[in-house]
């Protein structure tokens, strides 16, 4: 397992794609080749406004729309209701991930940079190896495609959002507020312009999380598999970012589970119901989510599984050694490196082989349940 130039280039492409934007808590510095943590200061004011004003207002308006439908205060068309639920989930997870990055970006960037620095020392200044000739690097290609898609997607999506009137402000004005208030209509029209900043920030967030977490897991696996690396050094590097990693794993895995089920359902059931520019998002998003899960989850699981195999080999080596008592005590004091999913310091589960199987099973089970719970013909009859 190696870091290829194509994987490394995804970070540079990410930094280039969003170089025109305001700073955010976690950024990639191309010159130094390090993750940079921007602590709370004046330069984060634009980011704060974008997240805690822009995204929060979108979240609140979509929540009001959904609540109005649930409590019978408004009758929203099915296509608008489905898009409202999808965008509400996206806004919710975006705000949660931004808060996690704000609190734990420092420890995550420090851990990532320590791993890269240690790899440089072991590889005589180089941190990646060339891919074999005439071979394809699927992970590197996928990461670069993710960066490219997320960087251009807001500029294609925003015109359709405004034209079709499915932003939260237009929907609120259409279903909940009277049209004869000229001042209110003007205010909501201006608020529609703020949607583009939230779209760009949300896409930058998902691109950053996908690339940095994948590469950090890759670096962690390389550190574990290097034969002459001190095991304690690897433990320290991984423990530095334990708060960010455990929270990020829990949120991202739940996000992947929710997106997989929701996007699979929307792909199968809403063809011909959702307008085409937005329907195309569901099958492409479903495929992209499945590809990301297939790449990222095995790497998280391999950390524990590979360390467990190494620990078992050490036990066999102790049996044939002269100083058995000392080595057994030292081995008992050595903890198998593992990654957790948790929140606020509470670890809920370990990323191991059984977790991966259960995760795939849940996605399949809930997707089938969702598809069987709604009849497409009944949806079409309601629209007629």
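Note: Cβ is positioned from N, Cα and C throughout, glycine not excepted.
Quantities reported herein were computed from a predicted structural model and do not represent experimental measurements.
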Among ranges 106-127, 172-193, 304-325, whichever one TrEMBL labels transmembrane segment
172-193
In TrEMBL, which of the ranges 14-37, 278-301 has the transmembrane segment annotation?
278-301
Counting Cβ pairs closer than 8 Å to the transmembrane segment (357-374), the top stretch among 78-104, 246-266, 278-301 is 246-266
